[in-house]
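Feature annotations, courtesy of Swiss-Prot:
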- 111-240: region 'Disordered' (REGION)
- 119-159: compositional bias 'Polar residues' (COMPBIAS)
- 160-171: compositional bias 'Low complexity' (COMPBIAS)
- 172-183: compositional bias 'Polar residues' (COMPBIAS)
- 185-221: compositional bias 'Low complexity' (COMPBIAS)
- 222-240: compositional bias 'Polar residues' (COMPBIAS)
- 281-310: coiled coil (COILED)
- 335-647: domain 'Protein kinase' (DOMAIN)
- Ile341, Gly342, Lys343, Gly344, Ala345, Phe346, Gly347, Glu348, Val349, Lys364: ATP binding site (BINDING)
- Asp458: active site, proton acceptor (ACT_SITE)
- 648-730: domain 'AGC-kinase C-terminal' (DOMAIN)
Amino acid sequence: MNFDQLTDEQKQQLYLQHLQQQQQLQQQQQQLQQQQHQLQQQQQSYHLQQQQAAYQQQNQAQLQQDDSYMDEDTSELINQPPVQLDHGSPIRQQPQMSAFMPSPRFAQSESFDNHLNVDPNNTERFTSMDSMNFQPPASTFTQLGNGSSTNLSEISSGQNSLLSNHSVNNLPTALTSDTSPPVQQHPQFQPQQQQQQQQPQQQQIFQQQQQQQQQQQQPQQSRAVVNQSVSTEAANSDMTGSNTKYVYFERKPNLLSKTTQDKAASIKLTLENYYTSSVSHAIERNQRRLELENKIANEDIGSSEERKNRQLQNLGKKESQFLRLKRTKLALEDFHTVKVIGKGAFGEVRLVQKKDTGKIYAMKTLLKSEMFNKDQLAHVKAERDVLAGSDSPWIVALYYSFQDSQYLYLIMEFLPGGDLMTMLIRWEVFTEDITRFYIAECVLAIEAIHKLGFIHRDIKPDNILIDNRGHVKLSDFGLSTGFHKTHDSNYYNKLLEKEPSNTHLQPNQLTSGRNSVMVDAIHLTMSNRQTMQTWRKSRRLMAYSTVGTPDYIAPEIFIHQGYGQECDWWSLGAIMFECLIGWPPFCSENPHDTYRKILNWQESFQIPEDVHLSPEAEDLIKRFLTSAENRIGRYGGAEEIKQHPFFRGVDWDSIRDVQAPFVPRLSSMTDTRHFPTDDLASVPDNPAMSKAMEQRELDAKNGGGRKNPKEDLPFIGYTYSRFDYLTRKNAL
């Protein structure tokens, strides 16, 4: 096995397996050594008793045979307990004493034994623990914990003389006693004198080895302790080896470079998004399985088991196909641009055709740099989440989303009927029946958004699209919010360490941000229909510009006093007013007056006397354009609005199946006659868009993307693929 070819994960697993084997082996050695030590104590006690009895019998026999032994009084020596004996005692020289004291074999034991018989002229001795008082150490193996600074390579290569306490205490030792009286040795103990002479040499060598070990461990232990707050008890436990060793680390990310911190944050968000999306996909997959099983269970009893199993197998194939196709990376080069059908401050909308399948889509392109500079990160994330989380027929469908170094791409369904603003420019005023139809469908569309937990906050005729059958769908969720942390600008300000932006709008403040509600001054007279038509065309151009449209925004959004879903109903009331009367309720000659009128709606709002409305229509408009506390739909939601008399006779369940007042006539699937593409010629190109396109081409040639990982943090997890569309035949 080539170690260099292994991955980091395999290396880590191999290291952990090796470490576990070493720990198990050390535990087995510890148990074996403890058993040997217990047996050793028992045998030592037994042999010591036998040797003491034999020694007493021999002395008594010598005293009876030779009176020369009586020159010294040995009765006191014989009566002493067998502890703390001097090195010259015959008991210390018995071969049985050392036969049951094997030392445990460690990594350095062989090299240690090789140095035992050196320097025979050295007579220096050292004292050790007496065998009768010997206690086994608490830890009989070299522990490699977090607190140990021992290097495994040093142990295996023999560079460090590391011995456990047990191996030290089990070495043959002798006690010296300069004051003990000399005792004449029996002739049978003479052969053991050579071993007695070698023991002081062994003791000296061991003492030197122990000193070297302590000197080597001191700098290693000082390097292992990182945190100065380690307690004295923990330090003592490290010296004795009786407790588990720990190393305390203090996190100091500020000491790292800014690039390293950005990379760490990018990895953190990537992992968070990966596991979050994995769990979400697993839940959706299980939900689809349960829905199919419930559908099969509710079918006729006569359905065969083969048919049911075939349906389950087809679902499994779709799931496998989805996982494969989901890993297919899309790029701008996979699409052919047919025509640009919309422009804005942060990007544009194109009619595109996928090269391999020929399918037609609407591609919304957003410039990343403008998202940063104009503080639109939260808005673009909210828009993507709304489109990805919805399968409602009232919301434009999102099929794919992807990104490159410069742009974000949203691949959506193409709605060839244009938008409601185009219809207002063409027809000027709607009848109450036509208004009832479109307002009723808008109620259902806004209800679908609210059920997803989002607030649109930018309901206006430009964002109400018409499909090929003439029915309504909502789009452009750039100002929507789901009250999620990623839909809050402060989240990205903290992520990117930016100063919080001041989003409070002032009457005399003109800004180019998406939150802006200011428009260019337009001089008009309310009684002049021709001037109103000019205003509408100018309004269309403002939709392409960097300024927003304040005419449909609720007053509570301006003053930042807190708002809820009821702010969308205010916008719907303003649209209803424009459909029946011909202009927005707070339209003024300049943006400052529009702003002031909305804030002072109690004095500025009025229905023209020359316009005749039904009492039901007038009442509904007034209940829409009122304070948030009294606004219709605040407490009862869409159901409360559906019960209003103005919608009497509306079939809410099948309204999408009825004939629409206007059905677009199309000559081809790429027909864009209902989009004001001619007006786009007068809209100048955004210099940032041109610069970004050049940078994108340069990045493609160099084979790389953004060099700063910090700029990619807000866009992690932006890629999306829809299951029900991707699993269709030839979806890609």
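Here the Cβ of each residue, glycine as well, is placed from N, Cα and C on the backbone.
Here the features listed in Swiss-Prot are painted onto the structure.
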residue : record                       : Cβ neighbours (10 Å)
Ile341  : ATP binding site             : 20
Lys343  : ATP binding site             : 21
Gly347  : ATP binding site             : 25
Val349  : ATP binding site             : 21
Asp458  : active site, proton acceptor : 23
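Looking at the domain 'Protein kinase' (335-647) alone, the prediction's average pLDDT is 77. Reported as a whole number, the C-alpha separation between Lys343 (ATP binding site) and the residue listed as 'active site, proton acceptor' equals 17 Å. The residue listed as 'active site, proton acceptor' carries neither a helix nor a strand DSSP state and counts as coil. A gap of 18 Å separates the Cα atoms of the residue listed as 'active site, proton acceptor' and Gly347 (ATP binding site).
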